[in-house]
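Below is one structure, written out as structure tokens; the observations come after it.
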Amino acid sequence: MTQKLISRTKFSGLLMALSSAIFWGISGTCAQFLFEKKSIDPSWLVTWRMILAGIILVVFSLTQEKRNTFLIWKKPSSAIQLLLFGLLGMVAVQYTYFYSISLSNAATATILQYIGPVFVLAYFAFKNRKWPILAEFGALFLALAGTFLLVTHGSLTELVISEEALIWGILSALALAFYTIQPVGLLRLFSPAAVTGWGMLIGGVSFSLLTQPWYVSGVWDWQTVAAMGYIVMFGTVLAFYFFLRSVTLIGATTASLLCSVEPLAAALTAVIWLGVSFVGMDWLGTFFILQTVVLLTLSKEKSGH
């Protein structure tokens with residue numbers, strides 16, 4: 001009976017981790033659909049995504065642990081870190097990713113963002129004055145090789161995406177690295193729902209001063225509403241909740257590895273739904289970049305960090 005319960009719990013964790021990755025991947029394709037077919041501005045989408053998802057996550061945090069949700073504001077050091085996370089981390093990771101999609105496609109933008117862990121590796125190697133181990137050097141090589149194949153298809157003379165799309169894709173990866181590193185101290189003290197919810201709300205409200213999201217443009221119909229609703233509910237709130245829940249059920253290492261499905265979900269839905277061209281070199285580059293996540297995750301688990 002106990003063994004059956006453990007198996008059921010593990011299966012639930014695996015299913016939640018995979019679901020979160022698929023939800024995230026499809027949300028990128030929904031964003032591409034809104035940009036290409038409905039003329040929605042990336043800045044407008046990013047602003048409302050952060051505001052709406054932020055409100056939902058803060059409310060969710062309040063239902064789970066009311067005291068913890070507001071305690072984060074009572075310590076000046078925590079409040080400052082949270083403001084930095086919202087203003088610099090959240091806005092940067094959201095805007096660079098969605099703007100990268102608008103310049104290329106959901107598949108390419110998502111895969112380029114997955115170079116982020118390599119920048120995290122470089123940061124800690126520099127901070128700790130410690131050379132990366134062999135597996136980490138391997139991950140760096142695979143990231144470079146995968147990026148090269150993805151943006152050139154093996155050509156030494158031309159890019160298959162625009163220079164602007166490549167630059168914003170790399171900026172998205174850098175933003176993801178900062179987003180990963182900066183709130184670590186907060187996450188040791190407060191719940192992920194509270195930190196992420198407040199971060200999104202801060203980011204969304206502050207970004208709205210620049211984007212003026214009350215001015216609505218683009219084509220609005222049931223498809224626009226459905227895609228927007230998916231991005232907020234499935235691609236943000238449920239994906240976030242399922243991932244955190246899966247970590248408690250199957251562990252961070254397994255959950256992180258399963259989340260490598262995200263770029264594949266983005267690529268497949270972009271190809272099938274929006275007709276994005278994704279050739280052999282793109283798939284090979286994707287495979288190389290995903291292997292960096294596998295190598296770095298397993299290396300981290302082995303070293304016990």
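Please read every residue number as a count from 1 along the shown chain.
For all residues, glycine too, the Cβ spot is worked out from N, Cα and C.
Within the chain, the transmembrane segment (12-34) has long-range Cβ neighbours (under 8 A, six or more residues past its boundaries) at 40, 42, 45, 97-98, 101-102, 105-107, 109-110, 218, 223-224, 227-228, 230-231, 234-236, 238-240, 242-243, 245-246, 248-250, 254-255, 258-267, 269-270, 273-274, 276. Feature annotation from TrEMBL assigns transmembrane segment to 12-34 (among others).
The domain 'EamA' annotation in TrEMBL covers 12-151 (among others). Secondary structure of the domain 'EamA' (12-151), assigned with DSSP and counted as helix (H, G, I), strand (E, B) and coil, comes to 121 helix, 0 strand, 19 coil.
Feature annotation from TrEMBL assigns transmembrane segment to 46-62 (among others). Long-range contacts of the transmembrane segment (46-62) within its own chain (CB-CB distance under 8 A, at least 6 residues past either end) are made by residues 68-69, 90-91, 94-95, 98, 191, 193-194, 196-205, 207-208, 211, 213, 228, 231-233, 236-237, 240-241.
Long-range contacts of the transmembrane segment (82-100) within the same chain, counting only residues at least 6 positions beyond its ends with a Cβ under 8 Å from a Cβ of the stretch, are 28, 31, 42-43, 45-46, 49-50, 72-73, 108-110, 112-113, 165, 168-169, 171-172, 174-176, 178-179, 182-183, 186, 195, 198-203, 206-207. The transmembrane segment annotation in TrEMBL covers 82-100 (among others).
Here the transmembrane segment (106-126) has Cβ contacts under 8 Å with residues 25, 28-29, 31-32, 97, 100, 132, 136, 139-140, 143, 146-147, 150-151, 161, 165-166, 168-170, 172-177, 180-181, 260, 262-263, 266-267, 269-271, 274, 276, 278, 282, 285-286, 289-290, 292-293, 296 of the same chain, all six or more residues outside its ends. Taken from TrEMBL, the feature transmembrane segment covers 106-126 (among others).
For 133-153 (among others), the entry in TrEMBL reads transmembrane segment.
The feature transmembrane segment is assigned by TrEMBL to 165-182 (among others). Sequence-remote contacts of a segment are chain residues at least 6 beyond its ends whose Cβ falls under 8 Å from one of its Cβ atoms, and for the transmembrane segment (165-182) they are 81, 84-85, 88-90, 92-93, 96-97, 99-100, 103-104, 108-109, 112-120, 123, 151, 159.
Residues or ranges marked as domain 'EamA' in TrEMBL: 166-297 (among others). Averaged across the domain 'EamA' (166-297), pLDDT in this predicted model comes to 89.
Remote same-chain partners of the transmembrane segment (189-210), defined as residues 6 or more beyond its termini with a Cβ less than 8 Å from a stretch Cβ, comprise 43, 46-61, 64-65, 68-69, 71-72, 78, 82-83, 85-87, 89-91, 94-95, 183, 236, 240-241, 244. According to TrEMBL, the feature transmembrane segment maps to 189-210 (among others).
According to TrEMBL, the feature transmembrane segment maps to 222-243 (among others).
Taken from TrEMBL, the feature transmembrane segment covers 255-274 (among others). Packing against the transmembrane segment (255-274) from elsewhere in the chain are residues 13-14, 17-18, 20-22, 24-26, 28-29, 32-33, 36, 105-107, 109-111, 114, 243, 246-247, 282-283, 286, 289-290, 293-294, 297-298: each is 6 or more residues past its ends and has a CB under 8 Å from a CB in it.
With helix defined as DSSP H, G or I and strand as E or B, the domain 'EamA' (166-297) counts 110 helix, 0 strand, 22 coil.
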